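What TrEMBL says about this protein:
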ACT_SITE  E111  active site
BINDING   D15, D110  Mg(2+) binding site
DOMAIN    11-192  domain 'UmuC'
SITE      Y20  site 'Substrate discrimination'
Amino acid sequence: MKNKPEFSTRILHVDLDAFYAAVEQHKNPDLQGKPVVIGASPGKRGVVSACSYEARKYGVHSAMPISIARRLCPEAVFLPVRMRLYQAVSAEIMEIFTAFTPDICQISIDEAFLDMTGTDRLFGSIEETGMLIKKTVKEKTGLTISIGAAESRFLAKLASDFGKPDGLHVVEKGSELDFLDQLELKDIWGLGKKTLERLNDLNITTVKGLRDFSENSLKTIFGQSAGGFLFRACRGIDIGMYNTPAKSNSISNETTFQQDINDRDVLERVLLELSHHVMFRTLKENKKSKSIAVKLRFSDFSSTTAQKTLSHYIHSAEEIYSISIELLNSRWNGSSSIRLIGTGLLALEDGDKPEQPELFENEFERKIKVEKAVFRLKTQGEKITKASLLNNKIKPKKE
C-alpha cells in the first residue's frame, strides 16, 4: 500500500454547522427537523441572520429580507437573535479546541483555524484528528461541526465548505488541483457576483479553465488586486485572507460575505454583531481602548479603512457600533457593493489602568459594571441578553 505524502503543515478549518439555528434546535428539541429562521420577526423590516438546513431547502439564506424568507417558507419557526447565548456556546467550543492545540485563530463566532502541525504523535493522522475533534464537540455540546484539512488555510476553508454539513474532508498533499477542479467557480471563497459574471462573459466557467490564463493576463483584465487573487486562488496558493499577526495591539472581527452586499440593513446588522464580538473579546483579555477602526473591501477588491480616536475609553458594544456606523458612512457611498466588513479597537491598553471619567460618573460606572457583569455571566447568556443589542434598536450617533 502506497503511503500518503506527509503534510508539512496540518491546518484544520472548523465550521459550526448552521450555528445559530443549531443552538436553538439543541436548546429546544421541539425544533429538531423543522425549518428555523433566526432574525427579525415576520412582518418587521430586517434580514435573516441565520437559518437551519431545513429552511435552506426552501431557498432561504442569510442576508435575505425576512419578508422574502416568510414567503418562501411560511411554515418556518422565526426566532430573534440571542447573541449572548451563541457567544457562550461558541466560547465553550473554542475552549474544547484548546485541548488539541494552543494555535487557534478564531475568525468569526462559528469558524476557526486550528494549526495541528506536530500533533500527529498525539492524535494520529490529520483525518483521525478531525474525527476526534468532531466526536468531542458532539459529545460535549450536542452540536455538529464540519472540518476541512489541508496544508493551507485557504484550501482548508474550501474543504470544510465541501464537506458540509457534519463533514470531514481532507485535501491530501499533491491532490490540491484535483480537489479544486471538483469545485464550481462560485465555490471559491472570495469570488463575488460581479467577478463571476465577468468570468462567465469571458467563457471562463471552471477552475481548471481559469488556470489557463497567465497572471499578467488576469491582472490586465481584472486589475492588479483581483487578477492576482484569481491567479493564486485557482492554483490553491494561500491568498493570505485569514492570516493574522502572532501579536497585535488591536482586537477586531470581520466578515467576508458569500455574495457582495450593498444593503444597508445587512451591513448595519453585521456591524452590530461584530461590535458585540469585539467588546466581548476586549473584556475577556482585560483590555480597553479609545480608538475604533472600520475596514471595508469592495467588489473590485479595493479596500479602505477609517478610524476615530475618542477622548474617553470605550466600554460598551453600543458605542463601538455607533461609531462604526459613523465610520462606515464616511467611507461608503451607499451603493457600492461590499465584500468584507470589519470593526475593531486599536491601541489597546491594560484594562486595569486607572481612568477619570469626564462627565456623568455614575452613568460611566454603570456602563462598565453592566458590560463586565454580562461578560462574567456569559454562560447564562439567554437570561441576561441586552434587548437593545439583539433587537437592533441602537441608533448611530448624530453629529
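These residue numbers are counts, starting from 1, taken along the chain as shown.
Every residue gets a Cβ built from N, Cα and C, even glycine.
Taken residue by residue with DSSP, Y20 (site 'Substrate discrimination') is part of a helix.
Around Y20 (site 'Substrate discrimination'), the C-beta neighbours below 8 angstroms that are at least 6 residues distant in the chain are I38, S49, A50, V81, Y86.
Counting only same-chain residues six or more apart in sequence, the Cβ atoms lying under 8 angstroms from the Cβ of D110 (Mg(2+) binding site) belong to D15, L16, F19, S90. Taking the Cβ of D15 (Mg(2+) binding site) as centre and 10 Å as the limit, one finds 21 other Cβ atoms among all the protein chains shown. A simple way to gauge crowding: the CB of the residue listed as 'active site' has 19 other CB atoms within 10 angstroms, across all the protein chains here.
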